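Peer 1: One structure, as structure tokens, below. Some questions next.
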């Protein structure tokens with residue numbers, strides 16, 4: 001039997017009154033594991049795996065011992081998987097953060113007529129950040145509640161309180177997530193502004209008074225003038241943070257030899273956030289180009305050194321209108337990034353800036369440039385970091401595509417979950433490209449539980465494979481009615497697994513816990529975790545995430561394995577934005593080809609629904625009314641109330657580029673996250689993503 005809390009227990013830090021994460025029964029997880037893997041393995045591989053799993057789960061065997069120890073751990077910890085998951089998903093991962101780990105939100109292209117306009121935008125945004133931080137500091141942020149099947153369940157809010165008070169400290173073997181939670185330590189009262197690869201301290205509270213927007217503009221203007229001084233220019237130290245985590249840890253140790261550098265690092269590590277004032281990047285600023293520029297800054301020649309990747313929030317304001325947010329992912333999930341960013345953009349629309357010019361007051365102390373003393377070793381490390389970042393820039397194959405033939409409203413009319421529908425379309429796209437199914441990752445929020453982060457929805461279901469084979473069968477003719485039944489079966493299977501995941505009963509966290517406990521107990525690694533099937537199961541060639549927004553913007557991230565795809569999507573009422581990434585040096589992948597197959601698949605499934613719509617029976621109609629959308633986005637897709645068209649007047653204020661949706665649409669609780677990238681090491685160490 002799974003282990004559940006009958007009564008919610010209480011703790012501090014945003015999880016008050018929430019139940020503990022349940023522990024699934026060992027037999028349930030092992031049975032589900034076999035079910036998830038059978039169609040992804042050869043018959044020979046599966047037979048071997050079946051025997052290995054049977055041996056692991058045998059009465060009195062290793063599995064039962066580890067399960068009993070996991071039950072003890074559950075009793076003694078607020079969340080039995082949290083530390084294991086955090087280390088495995090993020091802190092043990094040695095890959096560089098840009099592209100590999102840090103997701104980004106890309107804002108609509110802004111149209112700045114003069115340089116001062118971009119500074120006004122930045123000052124306005126900083127003002128919004130300070131407003132949002134006031135809500136956090138006073139614990140006034142409303143609690144999030146789950147929607148859909150388990151509507152009304154409160155969700156853990158802990159992640160919000162790490163937004164502006166945490167830092168990812170590099171380590172030679174494992175990073176540390178540093179959170180300033182002590183009441184003794186003062187809250188950060190400064191931000192760091194990056195401009196022309198230089199870093200400046202901008203105090204946002206001076207003499208116990210918070211700076212006004214006009215003051216902020218004055219200080220930003222001073223910073224840009226200081227950054228223009230060529231004589232004062234220092235090496236682009238930010239490049240070191242774009243390197244692999246072990247390399248950056250070693251470089252940081254070298255920097256720490258000098259007290260000047262220690263002071264500079266301390267100011268950055270304790271700041272609230274970064275604001276990166278970027279130089280223009282080039283003439284072509286399509287969605288795809290802006291996505292790439294947000295992910296890596298365009299490398300050394302552009303704004304690649306104008307970053308500090310260890311900070312959770314970096315707000316990028318480009319002089320050419322290329323704007324967005326770069327997020328260090330270990331501190332929080334996508335819901336926090338979306339909710340915070342939407343608050344800021346709505347703040348900027350709802351309180352139009354009345355700034356005419358910067359204040360001429362001279363009593364404000366000038367912002368301080370951070371100084372660095374660089375040894376020859378540091379210069380060598382900078383050259384190496386720059387070279388590696390440049391290789392990443394050249395290797396990223398990004399394709400942002402707006403599918404405009406239909407959106408989530410059409411899908412809801414079919415009585416289907418938009419997310420499950422899109423997941424099945426992604427399976428069809430991959431199968432069309434590669435003629436095989438692969439392990440697929442889709443993040444699912446487990447914030448219903450204390451310290452809840454995510455588990456994995458395994459979207460490559462047997463039912464999805466049956467459907468995609470029917471759609472690509474060639475000579476094997478399947479009638480439209482049969483295809484429609486198979487589509488509904490695939491969507492039902494996807495939604496059922498989703499519900500298992502969001503209620504803490506999926507398999508990935510459980511298997512991770514068993515594996516890590518065996519390591520902790522210094523046992524020989526159980527064969528189940530050395531078996532080829534386990535390696536295959538954790539190599540997520542297709543890594544997906546739904547990140548819906550109610551403000552016009554989109555999210556993207558890189559692939560999690562060298563031969564894989566990152567596929568992020570944002571379903572809107574009448575269109576869907578897809579951000580597909582892969583690596584150019586992989587002969588097996590091509591983002592443009594994947595998008596082409598995805599579009600064809602969406603058109604084919606849409607046509608199938610239109611053909612069969614009139615013959616939908618009552619049973620099918622009931623299907624969409626009892627299941628919930630899932631991932632970190634638990635939306636009211638099953639609502640029968642049609643949504644009103646977007647109120648265009650809302651968007652015609654100071655920032656017309658940001659489009660606000662209607663109140664009906666803001667019911668969507670955007671809880672999807674971008675998956676992180678520890679799974680890249682799966683083949684090397686049997687790691688769970």
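Note: Cβ is positioned from N, Cα and C throughout, glycine not excepted.
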Peer 1: Can you say which of 1-21, 22-42 is given as region 'Disordered' in TrEMBL?
Peer 2: 1-21
Peer 1: Check the domain 'Choline/carnitine acyltransferase' (21-599) for me and report the mean pLDDT.
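Peer 2: Within the domain 'Choline/carnitine acyltransferase' (21-599), the model's average pLDDT equals 95.
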Peer 1: Let's check the environment of residue 329 (active site, proton acceptor): how many other CB atoms sit within 10 Å of its CB?
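Peer 2: So the number of other Cβ atoms within 10 Å of residue 329 (active site, proton acceptor) is 22.
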